[in-house]
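Accompanying notes for the structure given below.
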Amino acid sequence: MAPNDHDLASLVMELFDINAFKFGDFKMKVGVNSPVYFDLRVIVSYPPLMDKITNLLVDFMNEKMIKCDHICGVPYTALPVATLMSIKQNLPMLVRRKEVKNYGTKKIIEGLYKAGDKCVIIEDVVTSGSSVLETVRDLRNEGIEVTDVIVVVDREQGGAKNIHEESVRMHSLLTLSYLLDTLKKGKRVTENTVIAVAKYIEGCQIRSDGSFVKGNPNIVNELHRTKMTYESRADLAKCIIAKKLFNLMATKKTNLCLAVDLTNSNDVLEVTDACGPYICLLKTHVDMITDFNEFFVKSLIDLSRKHNFLIMEDRKFADIGNTVAFQYTSGTFKISSWADLVTMHSIPGQGIIQGLKSKLTGNADRGVFVVAEMSSHGNLIDEKYKNATIKLATEGADADFIAGIVCQNPLFRNPEFIQLTPGVKIYDTGDNFGQQYQTPEYVIKKNGADIAVVGRGILEARCVEKAACRYRDVLWQSYCERIGVDDGDQL
Ligand SMILES: O=c1ccn([C@@H]2O[C@H](COP(=O)(O)O)[C@@H](O)[C@H]2O)c(=O)[nH]1
C-alpha cells in the first residue's frame, strides 16, 4: 500500500513537534547559514515514531517496486531505520563502516554478500547527496549493484540530480517543499518562513563535491533571530506562553518589561495600573513584599487582564528538581498558580526543569526563562557555564516549557526563544551594589535583547507612567530599526 497524504502530513507534524527539524539560523557544513535544519537523530527516542517511519518506508519501497537482495543504511542516522526495515521485510542488511579498521578483516562492508547482489540504500536527509554517493562507491567497489536509494527527506538542494548522475534513482518520502506546504496548511509556519526557506534553497544548489551551482552564494538568511518580527517568531515558538508573549508584544507594540521592585502591595498595584498600558511583561519579586496576600495576587491578575500583559516572578530557582517543585507550587506564594513565567538558574542541570514541570496541573500555560548571564559587575558566570546553559535551554527536550534566556548579549540564534535583558536605563549609570546598565537602544540594537527589563529607570521617575511610556517608545523604535521597518508603520 502506498503512503497516503494523511499519513505523510501527520509524520511532518510529528517531526516538527519533536524538533527533528527547526527553522532559524544554522551554520551548515558547506559554510553558509541555512534557515532550516534537520536533525533526524532524535527519532530514536520515539519508538512509535520509528515504527511509523519504518512502515511508511516499507510501503513506499513496495509502491516503487524496488526489488533487492540487501538493504544498507548510510551511517549513522539511517542505520536504525534500515535495521527495522530489514527485519520487517526479512531482507538481509549490509553495514558500511565509516572508518576502516586497521586490524582484523579490514572490511568496509559488513554482512554476507556476493558480487552481483543488488542493494538499496536508505538515508535520512539528503542535501548534496555526497554521503549517499560515498556509500554507493563502497558498495560498488565490492561488486554490489546499486540502482536505488530511498530517503526520508530531500532538502532539494541538488542531491537527486547528483545521485542520478551516478546512475542511481533517488526516491524521497518527503521533500522540503511538501514539508513547508504541509506546515503552512497546518498553520505551524507563516508565508514569510516558507518564502525565506524557498529563497535559500533556490540560491544554494550544491554539487556533489560541495561546490555551489550558482557560484559562491551571497545568502542573507532572513530567519536570523534579530532580523525577524515578533509575530513571525511567534509561529516558530514551541512554548505556548512564549508564543502568547510574542503575539502580545506584536499587537500591543511593546517590548518593555517593568521590574516592579517595591515592598508594599498597594504600591505595586498602583504602579502596575499606571504602567500597565505600556508593558508586555510585569516582573515581580514577591518575597520582597511585606504584606503579600491572596487579594494582592487576585488584583495583580485583574490588572494583567485589564492592560493585557503577562506576569513573571523572578524567583531564580536554583535547587534540585524535587525542591523547586515544592517551591514553585506550594508555600506562602504558590507561584505556579498565578505567574505565567518564572526564572531559573541552570546550575542544578536538567533536573530543575523536570522538577518545575512536574507539579504543574490544570490548563494554565506556564514557562520559564533560563538565566545564562547576569548584569552585575564581577558575577561569577564564565564562558563554559554560559555555553552549557544555552545548550541546556535550546537543545534539550523542553522547548515546550522554555520561553527564553536571560542574558546581556546575543548568545543564541534560535528565533523561537526570547532574549530578556535586565540592567537597562536611559542614563546608564550603575548603583552602589554593582548593577551595570546599558541604554535601551544599545540592548535592542547591539546586544540582541527582545525584551528589556527596566526597574529603577521607571520606578524612580517623578511620573512612572510618563517614564514607562518613554521607555516603551524608545525600545519599540529600536526594535523597528533592528528589523528594518519604519517605526511609523509600527507605532
Ligand atoms: O542579571 C540580572 C538578572 C535579573 N535582574 C533583575 O532585574 C531587575 C533590574 O532592576 P533595575 O532597577 O532596573 O536595576 C531587578 O529586579 C533584578 O533582580 C538584574 O538586574 N540582573
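Positions of Cβ are set from backbone N, Cα and C atoms, glycine also.
Note: TrEMBL annotation is automatic and uncurated.
Here is what TrEMBL records for this protein:
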DOMAIN    255-471  domain 'Orotidine 5'-phosphate decarboxylase'
BINDING   ASP261, LYS283, SER375, GLN435, GLY455, ARG456  substrate binding site
ACT_SITE  ASP314  active site, for OMPdecase activity
ACT_SITE  LYS316  active site, for OMPdecase activity
ACT_SITE  ASP319  active site, for OMPdecase activity
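Feature map: TrEMBL annotations on the structure.
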| residue | record | Cβ within 10 Å |
| --- | --- | --- |
| ASP261 | substrate binding site | 15 |
| LYS283 | substrate binding site | 25 |
| ASP314 | active site, for OMPdecase activity | 22 |
| LYS316 | active site, for OMPdecase activity | 14 |
| ASP319 | active site, for OMPdecase activity | 17 |
| SER375 | substrate binding site | 19 |
| GLN435 | substrate binding site | 17 |
| GLY455 | substrate binding site | 20 |
| ARG456 | substrate binding site | 13 |
Given the substrate binding site residues ASP261, LYS283, SER375, GLN435, GLY455, ARG456 in the record, what is the largest Cα to Cα distance, rounded to whole Å? 17
Determine, to the nearest whole angstrom, how far the Cα atom of ASP319 (active site, for OMPdecase activity) is from the Cα atom of LYS283 (substrate binding site). 21
Rounding to whole Å, the Cα atoms of GLN435 (substrate binding site) and ASP314 (active site, for OMPdecase activity) are apart by 16
In sequence order, those recorded positions of LYS316, GLN435, GLY455 whose CB lies under 6 Å from ligand 1: GLN435, GLY455
Along the domain 'Orotidine 5'-phosphate decarboxylase' (255-471), what average pLDDT does this model show? 96
When DSSP is mapped onto helix/strand/coil, what comes out for ARG456 (substrate binding site)? helix
Once DSSP output is merged into helix, strand and coil, GLN435 (substrate binding site) belongs to coil
What other residues of this chain sit with their CB within 8 A of the center of the CB atoms of ASP261, LYS283, SER375, GLN435, GLY455, ARG456, the recorded substrate site? ALA259, PRO422, GLY423, VAL453, VAL454
Expressed to the nearest Å, what is the distance separating LYS316 (active site, for OMPdecase activity) and ASP261 (substrate binding site) at their Cα atoms? 15
I want to verify one value. Collapsing DSSP to three states, which class is LYS283 (substrate binding site)? strand
